[in-house]
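Quick look at what TrEMBL lists:
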type	residues	note
ACT_SITE	H488	active site, proton acceptor
BINDING	K93, G157, T186, G187, S188, D356, M362, L363, A364, H365	FAD binding site
BINDING	G223, A224, G225, Y226, I227, G228, L229, E230, E246, G315	NAD(+) binding site
DISULFID	C84-C89	disulfide bond
DOMAIN	47-371	domain 'FAD/NAD(P)-binding'
DOMAIN	390-499	domain 'Pyridine nucleotide-disulphide oxidoreductase dimerisation'
Amino acid sequence: MALASLARRKAYLLSRNLSNSPADALKYSFSLSNFSRGFASGSEENDVVVIGGGPGGYVAAIKAAQLGLKTTCIEKRGTLGGTCLNVGCIPSKALLHSSHMYHEATHSFANHGVKLSSVEVDLPAMMAQKDKAVSNLTRGIEGLFKKNKVTYVKGYGKFISPSEVSVDTLEGGNTVVKGKNIIIATGSDVKSLPGITIDEKRIVSSTGALALSEIPKKLIVIGAGYIGLEMGSVWGRLGSEVTVVEFAPDIVPTMDAEIRKQFQRSLEKQKMKFMLKTKVVGVDTSGNGVKLTVEPAAGGDQTTLEADVVLVSAGRSPFTSGLGLDKIGVETDKIGRILVNDRFATNVAGVYAIGDVIPGPMLAHKAEEDGVACVEFIAGKHGHVDYDKVPGVVYTHPEVASVGKTEEQAKALGLNYRVGKFPFLANSRAKAIDDAEGLVKILADKETDKILGVHIMAPNAGELIHEAVLAINYDASSEDIARVCHAHPTMSEALKEAAMATYDKPIHI
């Protein structure tokens, strides 16, 4: 760049009235450097180094680069996207959709006048479609890295100082990556259970459940959370006899109780069996299948269950092993989560953490928001994530989605609230497509009508919930939603009617 042009750029920056704060000084120096060198730097040191290329990590890296920071992302898997893209959210949704199509073909097509002489599952083809989706998306993220000039290092990184990460590369070498700011975004791993060894063949985690070579006749799922119910649904639709064993008295304990009860009844109608308040006390893999010994959670007579495959889905734990956190003194809590302040900074200067390794919902979209906010803070801007306003979705059929408070939480907080509900049985679009199971439930403050929580059980609840997410983020009232014109006939009209029921009365019931 010509000196005159550089001088004009400097004058422009000074005209923006930058203060003498470290953050503004950092922004100033980054802006000059990037403008003149096109992301290159005369030093090997990065402005930002991200350890982990999952939803939180790769998004943080791209955002950092977009803000003009020289950025490197380190990922041990060799493919970007983390658990979510490689062996979690994306492949599971692919199989959920494929298995739902098969189930519709065998159970619902005839009702719509579509008759088939025979329908069969081609499991290899189903798995190939899933794998194609994953590979295309992982390559897509690598393309985004190149587009945004993010340096990508494939290997396992560990701290050797608060500003240096030693990387054992997948090619077999070692390199040291330096950074003024380092973000830990290593995600989470399957939570193990005492006495149960996962071999990913007969006793599988969600990873193995996404890659079974044949449909098990009997599948036992340990854990009635999001992942267990989704994977149970996949194989149940394809013909497996599915039994869910859960230590707690309810499935998905974070869900609104009224919605949860209807949800369980729906899954039971799909022939999914539940053994609640039950714990696993023994496992035997000496035969061809697996034998589980279970007993009531409170103690009592033991029972033996037999299965071809057992899916262990008892939650996830933050993945921080081998990072060298103790070497640099990063503080963690009793379950291994990294402690951070409201700017995602750890107790060690220049070291940050986001996503599943810190407290909060273990959700890919939450990690993404963490990543953006964290980098904005590093760049001297303002970032914010409100964990009370992060939506959650169970991608079964029907789906269940929610945002904000459950009725149980509202009661526990002593809030004075109203409830409005509307069933999809009274929704024109749902009846027209013969898929009317579910409801919308809204909680609003009794005095102000401010929406406190929204819970939806419906075929496409994961899409419908975002109108509610937006409303809650802007402190909208139920009347605000009710007075918005919704297209007819749509499933979203059920949300409008539930809002009407919350502050006044619905029209169509």
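Glycine is treated like the rest: Cβ placed from N, Cα and C.
Note that TrEMBL annotation is computational and uncurated.
Positions of TrEMBL features highlighted on the structure.
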residue: C84; record: disulfide bond; Cβ within 10 Å: 21
residue: C89; record: disulfide bond; Cβ within 10 Å: 20
residue: S188; record: FAD binding site; Cβ within 10 Å: 22
residue: G223; record: NAD(+) binding site; Cβ within 10 Å: 24
residue: G225; record: NAD(+) binding site; Cβ within 10 Å: 21
residue: L229; record: NAD(+) binding site; Cβ within 10 Å: 27
residue: E246; record: NAD(+) binding site; Cβ within 10 Å: 25
residue: M362; record: FAD binding site; Cβ within 10 Å: 20
residue: A364; record: FAD binding site; Cβ within 10 Å: 22
residue: H488; record: active site, proton acceptor; Cβ within 10 Å: 10
List, in sequence order, the same-chain residues at least six positions removed whose CB sits under 8 Å from that of I227 (NAD(+) binding site)?
S92, S206, S313
For the NAD(+) site given as G223, A224, G225, Y226, I227, G228, L229, E230, E246, G315, which other residues of the same chain have their Cβ within 8 Å of the site's Cβ centre?
V221, V244, I251, V252, S313, A314
Can you give the mean pLDDT for the domain 'Pyridine nucleotide-disulphide oxidoreductase dimerisation' (390-499), rounded to a whole number?
98
Neighbourhood of T186 (FAD binding site) by C-beta distance under 8 A, where only residues 6 or more apart in the same chain count:
I51, G52, G54, G57, P318, F319, T320, L323, V357
K93 (FAD binding site) CB neighbourhood, other CB atoms within 10 A:
16
Just checking the binding-site residues S188, G223, M362: which sit within 10 A of C89 (disulfide bond), CA to CA?
none
Could you round the CA separation between K93 (FAD binding site) and H488 (active site, proton acceptor) to a whole angstrom and send it over?
28
Between the Cα atoms of S188 (FAD binding site) and H488 (active site, proton acceptor), what distance do you get, rounded to the nearest Å?
42
Inter-residue Cα distance where the pair is M362 (FAD binding site) and G225 (NAD(+) binding site), in Å:
12
Expressed to the nearest Å, what is the distance separating M362 (FAD binding site) and C84 (disulfide bond) at their Cα atoms?
11
